[in-house]
Structure formats: C-alpha cells, structure tokens
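According to Swiss-Prot:
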TRANSMEM  29-49  transmembrane segment
TRANSMEM  74-94  transmembrane segment
TRANSMEM  111-131  transmembrane segment
TRANSMEM  139-159  transmembrane segment
TRANSMEM  168-188  transmembrane segment
TRANSMEM  196-216  transmembrane segment
TRANSMEM  229-249  transmembrane segment
TRANSMEM  307-327  transmembrane segment
TRANSMEM  341-361  transmembrane segment
TRANSMEM  376-396  transmembrane segment
TRANSMEM  411-431  transmembrane segment
Amino acid sequence: MNDSLSRLPREPADRLTKPFMRFLRIEATAGIILLLSTLLALGLANTAWSSSFLAFWEMPAGVRLGDIGIYRSLKHWINDGLMTFFFFVIALELKRELVLGELRNPRMAALPVAAALGGMAAPAGIYLLLVGGGPGASGWGTVMSTDTAFVIGCLALLGSRVPGSLRLFLLSLAIFDDIGAILIVAVGYGEPLNWVALGTGGLGFAFVAGIALLGIRSIPVYFAMGSAIWLAFDASGVHATLVGVILGLMTPARRWVSEIRLHAILDRVIAHPPGDHRSRDTAARSDLHRAGVATREAVSPIERLEIALHPWVAFAIMPLFAVSNAGIPIEDANFDVPLTIAIVVAFVVGKPAGIVLFSFLAVKLRLASRPEQLSWSLLAAGSLLTGIGFTMALFIAELAFEPELLIPVKLGVLGASVISAALGFMALTLLTSPNRR
C-alpha cells in the first residue's frame, strides 16, 4: 500500500503556511536565547571582569594577503559582517511573503507598510521633540526599529490564543521596520562616500543579476560574489549590511523544477534504478544524478537559503550580537538623563501610536485592507510589543552616538524593551483570554 495514501492530502495553503510557521517557531526559541545572552552580557559587564569583557570585543582581527590587510575590531566584524546574514534572511522572508504569501495582495501588503512608516516616523519625531538640539539629536534613527526575534518570542508565550493574522502583521511590520532602519543607517550614518568602491559594489550587483539570468544556480558562486560586494561596500562608506538586504531581495522566489517534471524524473529512476538489468548502468546513474539536482531545485532558492541560514542566524549570530553589544555597566549609568527618557518615551509611546494612526489612515483612505480577524484592539495591543527595539536599536546606536553617550542610550533601549514587552504581553493576555471570547 502506498504510504502517502494514509496521510491527509496537502492543500495549496499548506505550501504558504508551513515555511511561515517554521520561521515563527525558530524566532520564538531565538527570543529566549537572545534574552539569556542579554542577561549574560549585563552580568559580565557589572562584575570584576567588566573591563576585560568590554575590551575583548574591541580587539582587532583580520587577514593579510601580501601587502593587503583587512583588520577590524571583533565588534565590527559582528555588527557589520555577521549581521549582514541577519538582514539577508530578513530580506528573504520579506521577498517570499511578497511573492508567494498573503502579502501578494497589494492592499494586504500596504497595511504593514503603512504601519511600519508610522512606527518609524512617530518615535523619531517624539525623540527629536524631547531631545531638541541637545547631545544625541543625530541618534533619531535608533528609535525606529523593532526586534523581530523578541516580538515573536513574546507572541509565542501566548500560544495559539494569538490569531495568525496578528502574527503575520507584526512579523511583516517588523521586517519592513528593520529594512527601513538599515536603509537609514546606510544613508544617514555612513562615512564619507568612496565612489570608486561604491561603483565597484554596484557592478557586483549587476554581475549577480547577469549570472542569475544565465541560469547559474551555484550558491558558492553567489556567496563569493556577495563577499566581494560586501568588501566594496565596507570600503565605500555605505553601511555594508545593506548588501544583505539587496541580495536577499534579488534572490529568486520561484523554483526551477516543477512538481510534474520532478515526478517524471523520479519515476524514471524508480523504473530503471542503477544495476537494473533493463538499463545501462551509466545511463541509470546519470538519471540518478539528474534526480538529485531536480530534487534540490524543486525547492525555491529562497526556501533553501532560509532553511540553511536561519538556525545559524537565530541561534549563533543574534546571541553573539547581543553578548557583544548589550554589556552596560549599570553602576556608571543614570536613568534620569534626558537622552534615556527620550528613548524610552519614543519607543513605548511613539511606536504604538504611529503604527495605529498610520494603519487607521491607510484603511480609511482605502489604501490598505485590514484582515477581519485582526480587530483594531488586537492591532493596538500587538503594536505595544513593537517598542521592543533591543538588538536593532543597539545596532544603530553604535553607529549614531558618540561613545560617551552609549551607556544612557543602551539603558534607554533596555528599559523601553522591558516596558514594551510587559505592556504588550499584558494587553494581549487580557484581549485573548477565554473569558473575553
């Protein structure tokens, strides 16, 4: 008996939701790992080993080939190098949702886009209003981002009570937020531009597009090209993590081999396996090799790369980023400084206010559609979680602020993340409790 007949048939919707649910499961677990990494960094930064711990991340590291050498601090390699993979995976997820997921509908995609714009504009405006022209005014980009892993981790604690429409809305919003933030970093917080290096990087992207059109599908080739483009952007003055965003959005979302062709190739292998007396062994092995290629290429490049990279990003790169950036000597800090207060208010108040306002305007102006399962009260409660800017906010803060301002800034980010997580969790718990349904 065919074993597949004993299983439920797969519906087309399963092809869309299965990768999405796998993404959520990984992100939920990653949120816990991120929290533990943050606590570890905070603990070590406030012990007798504080100086050694903080100095470790400033150690230079690099490679030299003849007269050419590339040396950066360990923190730089993490923040600019490894975090490129984070943004690459984020861009892959966005591309898949826009091409294959629910966001294929332009009006459905417009809602998280509008919400993300509000979630960036309102906190930046509040921050500038509170800081004025004082120290740290140029750091307005810090309050514009959302920590995807922590937001999904908070939703995971509520389990299945949270509707899928809210999960998708917040995930899409966080992705648009992060991409918007990295674009602002690339433009607003870069160094003076080296146009030769920038042009070289642009030619690299053109080359990648060209070999993709020629049908070259070798991931090592694209990795080598991506590395070369990253080096060019690192030398150009534009923040090199932008390379991850662009390459992620350039990655094909369609598979090369259809299911019909895959089944035909596999049927040929099954009918004439290697060693079968009715087929020549060389031809059968050629068919077997073709089946291996077809099996791999029946999965889209986006999904293959997500499967390969997401665990590394979620369980290695992001925790390493948190450990290297979240070390804040509490004894040297002062929560009462205006900068800290401005960051807390911008995240806790500005984020949800901007998201709700822009979402409401987009729906009322018929620019966007709101899913029926996503009530305004749920949207507002979920938006409270977007004040968790933690890892992304720390990432931008390292670029936007002078070193002497980083301690109060990091405390503001940490305080805002804790407050936003508590408020969002309590609001969603009340709204999704069985007594209210």
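Using N, Cα and C of the backbone, Cβ positions are placed for all residues, glycine too.
Within the chain carrying the transmembrane segment (139-159), a Cβ under 8 angstroms from the stretch's Cβ atoms is held by residues 24-25, 27-32, 34-35, 90, 119-120, 123-124, 126-128, 131, 166-167, 170-171, 173-175, 177-178, 180-181, 184-185, 188-189, 314, 318, 343, 346-347, 350-351, 382, 385-386, 388-393, 395-397, 400-401, 405, 409, 413, 417, 421, 424-425, 428-429, 432, all 6 or more beyond its ends. Proximity of the transmembrane segment (74-94) to the transmembrane segment (341-361) is not established, fewer than 3 Cβ-Cβ distances being under 8 Å for residue pairs spaced 6 or more apart. Within the same chain, residues 70, 80-81, 83-92, 94-95, 179, 182-183, 185-187, 189-195, 197-198, 200-201, 204-205, 208, 222, 399 sit at least 6 positions outside the transmembrane segment (229-249) and bring their C-beta atoms closer than 8 Å to a C-beta of that stretch. With a cut-off of 8 Å between Cβ atoms, the residues of this chain six or more beyond the transmembrane segment (111-131) that come close are 103, 137, 139-144, 146, 169, 172-173, 176-177, 180-181, 338-339, 341-343, 345-347, 349-351, 353-359, 361-363, 367-370, 383, 386.
Each of 29-49, 168-188, 376-396 was scored by its Cβ pairs under 8 Å to the transmembrane segment (307-327), and the highest score goes to 29-49. Distant neighbours of the transmembrane segment (376-396): 34, 38, 79, 83, 115, 119, 139, 141-147, 149-151, 154-155, 163, 166, 169-170, 173-174, 177-178, 181, 184-185, 189, 318, 321-322, 325-326, 347-348, 351-352, 355-356, 359-360, 370, 410, 413-414, 416-417, 419-421, 423-425, 427-428, 430-432; these residues of the same chain sit at least 6 beyond its ends, with a Cβ under 8 Å from one of its Cβ atoms. Within its own chain, the transmembrane segment (29-49) is flanked in space by residues 147, 149-154, 156, 314-315, 318-320, 322-331, 390-391, 414, which lie at least six positions past its ends and keep a Cβ under 8 Å from the stretch.
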